[in-house]
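A.B. asks: Below are the features I grabbed from TrEMBL:
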ACT_SITE  Thr169  active site, nucleophile
BINDING   Arg197, Val198, Gly199, Asp200, Thr220, Gly221, His222, Gly223  substrate binding site
Amino acid sequence: LGRMKPVIVVHGGAGRIFKEREEGCCAGVVRAALQGYGVLKQGGSAVDAVEEAVRSMEDDPHFNAGCGSVLNEKGEVEMDAIIMDGKNLDSGAVSAVKCIANPIKLARLVMEKTKHMLLTDHGAHLFAQAVGIPEIPGEKLVTERSRERWKKNLEPDSNPEEFQKDLGTVGAVAIDSEGNVACATSTGGLSNKLIGRVGDTACIGSGGYADNHSGATSTTGHGESIMKVVLARLILYHMEQGMSPEVAADTALDYMKTRVGGLGGVIVVNKAGEWAARFSTKQMSWATVKDDNLHYGIYAGEKHTKSVDEALASEREGF
């Protein structure tokens, strides 16, 4: 069997990224991509790599996942996450989870330790206790910025829709040296959402999908729109029809926009190791590593390139 060259692609959410946050978002996706690639280079699996990349972004307050998640109507953090293994279509997800630093770790355990695919709210909480995932106080996940935005959205003349433009789900897709693909996605959801609202992230085929026969994708954007068109699976369907990752992504995003007026972004890798990062929103932070080269960007058409060695060196000096 010819060894595949491993590839990882990550996104830090599609939407609008405020000027003062661009650098942090950029550094965050680059760090996540380098960490995931490190796993692949050491012979780790695609599933390990995407989990590691997403965990890195959950721990970064620049993103709407883990620490830094937006708050629901009651001012609490409720998070969703999914992971999927393209080898056998195994998947694990959690929704509406609270008081856990890394929902992606819990999703991975749902995949590996239960016969189920999705655990929610209280049940997810009981399962986390059973498998020894430490609980943390909910306030630990709340940043000053999330609280500010929550308060703004409570004002009578506020328009939470305006704030949904910077959505910031995080995700990763990868192909490992064995040719297995995987995806992972994690989010805090929509600011000031109803309690118990679950978006696309935890839903297989919407927030992500991975199948060795075609490839893997992770999505970001307006969750309800993504669910209506089952965006992740739609992209893989287009690739199964012979489209390149880029054309498949653009075609699906275009359909979502014309059919239901929804905007979003996606990252894709196909079974040949070709990748794409595409979005219909104003911006999406993304990064990828392939052939020991790092590429990253935030705006449409923007693509910076560095060698991995160079990138790791500047990582150590602080981005």
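Every residue, even glycine, has its Cβ placed from backbone N, Cα and C.
All TrEMBL annotations are machine predictions without curation.
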A.B. asks: Looking at Cβ-Cβ distances, which residues of the chain lie under 8 angstroms from Val198 (substrate binding site) while being 6 or more apart from it?
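C.D. replies: Those within reach of Val198 (substrate binding site), by Cβ under 8 Å and sequence separation of 6 or more, are Asp80, Ser95, Ala96, Thr120, Gly189.
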A.B. asks: When you look at Arg197, Val198, Gly199, Asp200, Thr220, Gly221, His222, Gly223, which the record names as binding substrate, what is the longest CA to CA distance in angstrom?
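C.D. replies: The widest Cα-Cα gap among those binding residues is 16 Å.
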A.B. asks: Measuring Cα to Cα, how many Å separate His222 (substrate binding site) from the residue listed as 'active site, nucleophile'?
C.D. replies: 10
A.B. asks: Measuring Cα to Cα, how far is Gly223 (substrate binding site) from the residue listed as 'active site, nucleophile' in Å?
C.D. replies: 10
A.B. asks: Count the Cβ atoms, other than its own, that fall within 10 Å of the Cβ of Gly223 (substrate binding site), considering every protein chain shown.
C.D. replies: 29
A.B. asks: Within 10 Å of its Cβ, which one of these binding-site residues (Arg197, His222) has the largest number of other Cβ atoms?
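C.D. replies: Output for this query is His222.
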A.B. asks: Fewest neighbouring Cβ atoms within 10 Å: which of the binding-site residues Gly199, Gly221?
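C.D. replies: Among the binding-site residues Gly199, Gly221, the sparsest Cβ neighbourhood within 10 Å belongs to Gly199.
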A.B. asks: Any idea what the Cα distance is from Gly221 (substrate binding site) over to the residue listed as 'active site, nucleophile', rounded to a whole Å?
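C.D. replies: So the Cα of the residue listed as 'active site, nucleophile' lies 7 Å away from that of Gly221 (substrate binding site).
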